[in-house]
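Visitor: The structure is given below, and queries will be raised subsequently.
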Amino acid sequence: MSIRQRHQSGRGHAVAQHRNDPDTEPYNIIPVHNLLADHPSLRYPEVRAAAAALRAVGDLRRPPYAQWLPHMDLLDWLALLFGFQNDNVRNQREHLVLHLANAQMRLTPPPDNIDTLDAGVLRRFRKKLLKNYTSWCSYLGKKSNIWISDRRESAQDQRRELLYVSLYLLIWGESANLRFMPECLCYIFHHMAMELNKILEGYIDENTGQPVLPSISGENAFLNCVVKPIYNTIRDEVESSKNGTAPHRDWRNYDDINEYFWSKRCFQKLKWPIDVGSNFFVTSSRSKHVGKTGFVEERSFLNLYRSFDRLWVMLVLFLQAAIIIAWEEKEYPWQALKERGAQVRALSIFLTWSALRFLQSLLDVRTQYSLVSSETLGLGFRMVMKSIVASVWIVVFGVFYGRIWSQRNNDRRWSAEADRRVVNFLWVALVFVIPELLALALFIIPWIRNFIEETNWRIFYLLSWWFQSRTFVGRGLREGLMDNIKYTLFWAAVLATKFCFSYFMQIKPMIAPSKELMNLDNVTYEWHEFFGSGHRFAVGLLWLPVVLIYLMDLQIWYSIYSSFVGAGVGLFAHLGEIRNIQQLRLRFQFFASAIQFNLMPEEQLLNTRGTLKNKFKDAIRRLKLRYGLGRPYKKLESNQVEANKFALIWNEIIMIFREEDIVSDREVELLEVPQNSWNVRVIRWPCFLLCNELLLALSQAKELVDAPDKWLWYKICKNEYRRCAVIEAYDCIKHLVLEIVKRNTDEHSILTVLFQEIDHSLQIEKFTKTFKMTALPQLHTKLIHLVQLLNKPKKDPNQVVNTLQALYEIVVRDFFKDKRSTEQLREDGLAPPASMAGLLFEDAVKLPDPDNETFYRQVRRLHTILTSRDSMQNIPVNLEARRRIAFFSNSLFMNIPHAPQVEKMMAFSVLTPYYSEEVLYNKEQLRTENEDGISTLYYLQTIYVDEWKNFMERMRREGLVKDDEIWTTKLRDLRLWASYRGQTLSRTVRGMMYYYRALKMLAFLDSASEMDIREGSRELGSMRRDIGLDGFGSERSPSSRSLSRTGSSVNLLFKGHEYGTALMKYTYVVACQIYGTQKAKKDPHAEEILYLMKNNEALRVAYVDEVSSGRDEKEYYSVLVKYDHQLQKEVEIYRVKLPGPLKLGEGKPENQNHAIIFTRGDAVQTIDMNQDNYFEEALKMRNLLEEYRHYYGIRKPTILGVREHVFTGSVSSLAWFMSAQETSFVTLGQRVLANPLKVRMHYGHPDVFDRFWFLTRGGISKASRVINISEDIFAGFNCTLRGGNVTHHEYIQVGKGRDVGLNQISMFEAKVASGNGEQVLSRDVYRLGHRLDFFRMLSFFYTTVGFFFSTMLVVLTVYAFLWGRLYLALSGVEGSALGSNSNNKALGTILNQQFIIQLGLFTALPMIVENSLEHGFLQALWDFLTMQLELSSVFYTFSMGTRTHFFGRTILHGGAKYRATGRGFVVQHKSFAENYRLYARSHFVKAIELGLILIVYAAHSPVAKDSFVYIAMTIFSWFLVVSWIMAPFVFNPSGFDWLKTVDDFDDFMSWIWYRGSVFAKAEQSWERWWYEEQDHLRTTGKLGKVLEVILDLRFFFFQYGIVYQLDIASGSTSFLVYALSWIFVFVAFGVFVVIVYARDKYAAKEHIYYRMVQFLVIILAILVIIALLEFTNFNFLDIFTSLLAFIPTGWGLILVAQVLRPALQSTIVWDMVVSVSRLYDIMFGVIVMAPVALLSWLPGFQSMQTRILFNEAFSRGLRIFQIVTGKKSKVDL
């Protein structure tokens, strides 16, 4: 306890005193320490059994030096022995008890003795938890220290199993950052388990003669002696990495330190107890350290080749073979191959292949040499040998190939000897490809491959030693045979298409022009040609774009095929069958059965699961259900329990819609299924289904006047809803009339007799014979009148009497076919006795009390049924509500696993990392207006106009009188309403707490008897309206009532155990990393988080607490808190001390990792801060968790992928593009990845992890600095490499918010692209690239890094194409080619085909296909056209640029960083300066460069003289240039507003010239920004710098090419012309220096001198120009042309200077570089600004832009225009 007392805070003492009193000790979910407490979960015998098993300490030797108390258990025993922390023990005790109890509850059939822990449960858990440990032991050839035989079972064994499991969990629970290193934990467990065994077996210590004691013990011994040393090593390594900017090869990250434990050397070096003197603890910066282990991450594009060499070998070899064959210029390739010469030439691919292998081995040596040390010499030997062998192969092939041709040339023909040499060559080749053939054989029979890799036999290790280094992960990754066949067929089709296309469309057409160019003679060069073969070089330039496209178009073919395969898979999964409410109406009557079938557990008979017969039955039932076949799914009668259950669930869903304000009160009445009252004989469908049906039935009755009963009734019964409407209307009218007439009056008895007659005639099927059908319409009108009178707020009994009299008259006079006299009527009891005075009904009517809500609600329903004529197609009005109902109902007809009972379901928890984002909008945020006068609230009211109306309606019902009270008494409700429409924590928490709410309701339905449900539904029906719609029975304050999402109507029926069950199955942990600091600072965020805890009982908050322990030292704790409703305050549950600061790696994974010890259950769902959930989806969670029991292929899943709905799509067209792209990826893309391709990873989406599988294998994300910047996807990589299985399920969905402004989207894409750049370097990608089989490797490449690489190739193709054209034009080759042969027009058009492909297909096809699957083809087409009109192509082209820039830059130079994008609403205008800062380097400069090339080409190319050819050739390039320059302004609100444009320009200029302080931010000062833009050059390596300089040299080419085109050169092609042109550059710089010098010296004091210098310079320039005009061929145009030459040169010089900054910074040159750069940025700014200014100046452009940007909102009738221009309407709040 001493740690507790050491706290400065008083809290420590309080907690310490509580510890000994079990009643007051705070607990998390179950009070395990006090099993007698009054807590609903403790009623389960399983919980008590698990706790009792832990208490069975028995005869274990008590730990010495510590006081043993009677209530202690096995965990306390371990803690006292090994020195674990008390709170860690408490946390793991609850963890273990909960898990074992849950596992035992799931047993079917239940064990014989339910009061003891079942041995099988414990054994299975131990095997699962320690699976990774046992496989690690066998991998290292060590004997496992788990001393339990799997054959015999005894009571001793049970205790022993518990001890092992507890020991592992205690180690895990206290390891802090070490949890990222699973094999490090295995090492620790291995030794501690050994010591435990010695104590259990009673070993004697040889040195002391006493019984053995652990080598570490005492208070916090485990933390201080085991965790701290390793933690400090990691921390020192991270510090030596200079915040992640040092090259990866210079420091060890988490993976390196973990992989140290993959070799036996860890046992020799580290020993036990851990030897702190070992070289393992020396950091990388000093000598004698352990370097990188397992892998070295080197920055280079060649990593793509190194990791995916098989793909590139395939592409290169095919390209070579195709060119060789196409060169023969035959129609088809097989014709060319008939010639022996072509065959032999094609064999040269073996030379290339061996060269590629040599390249691979050189790359291995170059990147991995630092792995080799004295401890790992075998590795070095293998690398060297591989290079030697590869070079020998090159020589062998070269010799054999040379011999073939020498023989051929000697014999001048293909002689027999030459043929023999060809055969010899083939034998050599066969030997070369033996490894490939072996791999192919193992590919066909995957299980053999898995067996070889997973078995740790030395012989297998020796056999595979040559091919791949032995690693612990990445073994046995092959899938089953069926999966193998599926993805092989997929890729066979893709590759076949690609190769046919490439051969016939790309390579073959190039051959003829290439030959022409090669054979050109007498080319007249227009410049100084250094080598005579410039036209050969031109051929290369012509081929370059074709080759780039050839390398990239596999991505396009993949995209096309995956779209259609995905659509097929989706169709078979029954997606999109119910797309809208109309389709739901057709199926609604089966919908109740579907809910019963899927959401309600079946009565589980013993061991009936999983048999073939059962599966078959199941399939038949699903078929019946889906298409409404067979009797049971036809009629649901009103008294069936099934109908009542359905009504409870459906009404609860509708109530929650009402709470969320997406439906109005009126819609609730139309949508709900009312409980049965008024003795109606049929199920009462929702009103929106019965609308118009009664009127149709009436018209049928009118038409079929003389038809017999049977026929008429048969006609009506054809439509189920019509039948129900008729019966319900009759039963209700009967009940209503008898209700409002007093009992025991004559009138009452008359009516009773009348109804008896009608009933009798119906029974004997003589209704149409007895009554006239023609009187029905009259009756109908009068009944409507009666119901309307009853519906009025002020009810007039006299009018009711009149109406009843009129009705009576119609019945008596017109309704009976046989007229009866008054006497007859009296006899039949249908007329009052003669003695009765006064008129009928005069004193007999008594209306129910106006407060009788149930009665009047029924009356309103009756009124709707009687009167509604419209078909109510648009109920509910809200699009979101319709989408959700449609998706939910559709998902119930898909193949879902059966639901278990809540008690038998898997437990799960949800984990959300949170830092400092918004929790709840406050009053100021809602009211503050931006510069356009728009407040957030006003914006939300306009976007969600119907939801605002519903909200105000609800507030009025809850007591709001005046509208402005919304800012006072109802402020909390208002803030919540707004927060639930942003991306806030409160929205996420509300969504996740629906799980809890759903589980409570399902637990009630599981255990409720038929009576409970029937009675309950009655009570609810009567109560709901008394309490107001929300149905909160509790006596809470109105404000808390509205939020407390637990207070739903079904709550009123709960018996109390539902809470216990739900708490055991579900917990929600939010990792609010800095909550402690926020509390200390009194930050409002802290109060809001507390408020959330107060209102959600299953919510827990985990945070990191920093406590000063004197002397500048700090202690860190992982703390878990909850809100205690009895004490009415927040209580601390656990406080586990950490070895030091939490954040050593990336922030989010570290935050997840510290909180994961507080999660519970078998599964954990990772939810981000921007997600949301829906109640109706939460109902399906227990079905989803059942997927863990099913095999997918040869493995059970370890990650269940879940589909998302992007809810931010409606904000603006930009958000719509983003969400469309995202939706097609999270649905169609991932569906294909999971099945058939089997390479779905984890993408940071709402995936559900198998918790115990992951917590023993490194957690749910990776956290190494920089390399794991996209932390989530590495969890997927890790899962796949360790033999997990990721699936994707589309019957359940979670909401997700996305960024909505262009700047936010670009930052997000930059983050993703940089993350992918880092992945290229990572060990995970390298291992997957090598360990997956060929086809899965292709799928993996094209869906992760390959996608970004292909995007980059598209942009590079444009570059290559344009630079190539420029070279041809300026060198004169193009002119010569055209001159020599007019056929060579082919040159002009050859490259068009390439650009057609990328334009739309690339991004659009998956979207169209997914849309047509889910919303219908026409809708999808319409959406696509709308998107094009809203300039989506501009946006996609722009984001292509973002991806390319950041992906390429990260691979070359690093510098990936986490970019916080903010999640606000975007309606304000972004200034020009801000856009310039974001996009200058990534887009603007590149676009200007391409534009310059296009202009120069247009001026100097003979081809471009034909304007059509020029347009056809460059249209795509111009589109790219325009998109890159204009997109930030097109998608910027008020982007073309003239006044704003003027202000923006002033702002931009003041930013450029800002001469502020040293501490200025990049937002204020241009200079600061300019330095930040070069940051990546400071951290890059030498190679990066060299490459950067090489790339910058392209800018000097302009000058070289253009100088010779000037008239002043007068046609000379001497090199002197170019050399002289540099004089101009130096003169220009000289003049600049003089002016700057003069300004600095004279401008302030002697201004006249400064002016004089300027004057002299101008005069001099004019004189020079006059002289040139006079004495040379110079003309005025040359001035402008030469600007095109010299401006790029200056830019090139600046870029080179930036790379050489370390050398130049201290010299005078640097100031000059800065000044010139500033001028360049001004020039770029003006160039970009010019088109914007022009468009702003043109009238009407601004309104058009607003229409484009907010089109979605326009069509929904919003007032966005006011939002943007700020004309607020007066009526608003």
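Any Cβ shown, glycine's included, is placed from N, Cα and C.
What TrEMBL says about a protein is an automatic prediction, not a curated fact.
Quick paste of what TrEMBL says about this protein:
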COMPBIAS  1-10  compositional bias 'Basic residues'
REGION    1-26  region 'Disordered'
DOMAIN    159-275  domain '1,3-beta-glucan synthase component FKS1-like'
TRANSMEM  347-363  transmembrane segment
TRANSMEM  383-404  transmembrane segment
TRANSMEM  459-477  transmembrane segment
TRANSMEM  489-507  transmembrane segment
TRANSMEM  527-551  transmembrane segment
TRANSMEM  558-576  transmembrane segment
TRANSMEM  1340-1362  transmembrane segment
TRANSMEM  1484-1503  transmembrane segment
TRANSMEM  1509-1531  transmembrane segment
TRANSMEM  1648-1669  transmembrane segment
TRANSMEM  1676-1699  transmembrane segment
TRANSMEM  1719-1738  transmembrane segment
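Describe the structural context of these features.
Guide: Packing against the transmembrane segment (459-477) from elsewhere in the chain are residues 136, 139, 183, 259, 262, 294, 379, 382, 386, 435, 449-453, 1278, 1280-1283, 1327-1328, 1330-1333: each is 6 or more residues past its ends and has a CB under 8 Å from a CB in it.
For the transmembrane segment (558-576), the list of distant contacts is 490, 493-494, 497, 626, 890, 893-895, 1227-1229, 1231-1232, 1235-1237, 1290, 1342, 1401-1402, 1405-1406, 1408-1410, 1412-1416: same-chain residues at least six beyond its ends, Cβ to Cβ under 8 Å.
Remote same-chain residues near the transmembrane segment (1340-1362) are listed as 304, 308, 311, 541, 544-545, 548-549, 551-552, 554-555, 558, 1229, 1233, 1237, 1239, 1241, 1273, 1313, 1316-1317, 1319-1320, 1325, 1328-1329, 1332, 1391, 1394, 1398, 1402, 1440-1441, 1443-1444, 1447-1448, 1490, 1493-1494, 1497, 1514, 1516-1517, 1520 (criterion: CB distance under 8 Å, separation of at least six residues from the stretch ends).
Outside the transmembrane segment (1484-1503) by six or more residues, the chain places 1358-1359, 1362-1363, 1365-1366, 1368-1370, 1374-1375, 1378, 1387-1388, 1441, 1445, 1476, 1509-1510, 1513-1514, 1517-1518, 1520-1522, 1524-1525, 1598, 1601-1602, 1605, 1681, 1684, 1688, 1724, 1727-1728 with a CB less than 8 A from a CB of the stretch.
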Visitor: Could you tell me whether the transmembrane segment (527-551) and the transmembrane segment (489-507) have 3+ CB pairs under 8 A, leaving out pairs under 6 positions apart?
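Guide: They do touch: at least three Cβ pairs between the two stretches lie under 8 Å.
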Visitor: Count, for each of 347-363, 383-404, 1648-1669, 1676-1699, 1719-1738, the Cβ pairs lying under 8 Å from the transmembrane segment (1509-1531), and report the range with the highest count.
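Guide: Looking only at 347-363, 383-404, 1648-1669, 1676-1699, 1719-1738, the most contacts with the transmembrane segment (1509-1531) come from 1719-1738.
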Visitor: Can you tell me the mean pLDDT for the domain '1,3-beta-glucan synthase component FKS1-like' (159-275)?
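Guide: Computed over the domain '1,3-beta-glucan synthase component FKS1-like' (159-275), the mean pLDDT is 93 on the 0 to 100 scale.
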Visitor: Give the residue counts of the domain '1,3-beta-glucan synthase component FKS1-like' (159-275) per reduced DSSP state, in the order helix, strand, coil.
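Guide: Summed by class, the stretch gives 78 helix, 2 strand, 37 coil.
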